[in-house]
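Trainee: Here's the feature list from TrEMBL:
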DOMAIN    4-266  domain 'Pyruvate carboxyltransferase'
BINDING   13, 201, 203, 237  Mn(2+) binding site
REGION    392-513  region 'Regulatory domain'
Ligand code: KIV
Ligand code: ZN
């Protein structure tokens, strides 16, 4: 069996999805979960792209011990220096440096000749090797590059010290047969290829990212890159959970091993979906809500007689629990702690107290508290920033009647600690509430998206709201949950506004778990 390394880029390429904006605490939570999932390498961000990204990569590098942490850099000395500063404390620091190699990218984007690109690539890999032991070099848009140019440049960057050669299908253009053939050609024609590992990185513009990744593995690639839930630029990246499960279910066809812990798939997928606000479609392979639902009578009959008739993946394999009824009104602190630890949460004492209080409040209002409810409360508490100047909701009231003008009154505290209060109207309850918040918050706010959903089912289900907005010209997203839709809406609004401060000011004094 050949071993394949899993390289997760949810926090870098995934975070490049339109409207996705994770803060440092959320990135740390995802990083910890990726470590638990067993990824070999995680790309924590692009340190030179912003101060927020730099700090998040540094915090992840200092926290994660069982996966190698990497960061992206363009082929410039300053990007590489910044990446080193962010990554040098990692257990196994690793650099990912890239430059485009396709004729169209070299001519129009880089405005460089192929010779200049080759020289830059070699110089920057040599420069990076003075700092990093592990250097991955990527030929951006490799699948539309000329093969003989790839052979020449790869030979030279390996001589310069590259330890991994990644050949991305940057625009999701290639087909499985073509992509596999490219790797075969490189293996057969690059004389020093045995000194580096080959890696694939696929985008899903034509819906072939997973198939292309599997074709690459069949043609000698020993590292596969992708994201959780397939999130990423445009149509996204290859979905790692799909690759993992395909390799497992079709071992007969794919004799490869990975270090992934498949039963962590569901939690990883949930965490990424909640934090990014990118909902997993019901029919998504492996992690969609309907992936294990059997609707038609014929299918149900077959599954009852023998599950294998229609079910090739079991819910248990990917960590989907069927018995998710949980604690009730009378459950004590001990049972609560056991339960949340079982769900993968380890909270500090203060956060545990806060979570227990929130749980008790919920049991007063809701007959059955499910795992999904608990997960929602816990991720909010776990990633809540403490000791940071921000806006805090004190209280609000909304008056709505079918014949009245909806009116909201809100009280909140500003980052300076001043309590402010006012009222506004709107054509609906949410608009009245948001008009009032906008009047109180002295930032330039423009709401671009509002999405309301329920956590689980039932008339007493928790509401979850995701918003996107620009605050002082910066795109941010926000998340809020509560039993009431208006409270969830207010929380999401304030959560988004606070990100503008938090992205730059949070410093992690102690790990949240
Ligand atoms: O898709 C791509 O080409 C990339 C590179 C930066 C590796 O994400
Ligand atoms: Zn990419």
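Just so you know, the numbers here start at 1 and follow the chain as drawn.
Cβ coordinates come from backbone N, Cα and C, glycine included.
No curator has checked TrEMBL annotations; they are predicted automatically.
Quick caveat, the model's predicted, so the values are computed rather than measured.
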Trainee: Tell me the Cβ neighbour count for residue 203 (Mn(2+) binding site), meaning other Cβ atoms within 10 Å of its Cβ, over all protein chains shown.
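Mentor: Residue 203 (Mn(2+) binding site): 26 neighbouring Cβ atoms within 10 Å.
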Trainee: Based on DSSP, tally up the residues of the region 'Regulatory domain' (392-513) by helix, strand and coil.
Mentor: 33 helix, 52 strand, 37 coil
Trainee: Identify, among the binding-site residues 13, 201, 237, the residue whose Cβ has the fewest other Cβ atoms within 10 Å in this structure.
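Mentor: Each of the binding-site residues 13, 201, 237 was scored; lowest Cβ tally within 10 Å is 13.
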Trainee: Going by DSSP, is residue 13 (Mn(2+) binding site) part of a helix, a strand, or coil?
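Mentor: In the DSSP reduction, residue 13 (Mn(2+) binding site) maps to coil.
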Trainee: If you average per-residue pLDDT over the region 'Regulatory domain' (392-513), what number do you get?
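Mentor: Per the prediction, mean pLDDT sits at 89 for the region 'Regulatory domain' (392-513).
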Trainee: Would you list, in sequence order, the residues of this chain other than 13, 201, 203, 237 that have their CB within 8 A of the centroid of the site's CB atoms, where the site is the one recorded for Mn(2+)?
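Mentor: For the Mn(2+) site, the extra neighbours are 9, 168, 170, 202, 209, 225, 226, 227, 232, 233, 236, 238.
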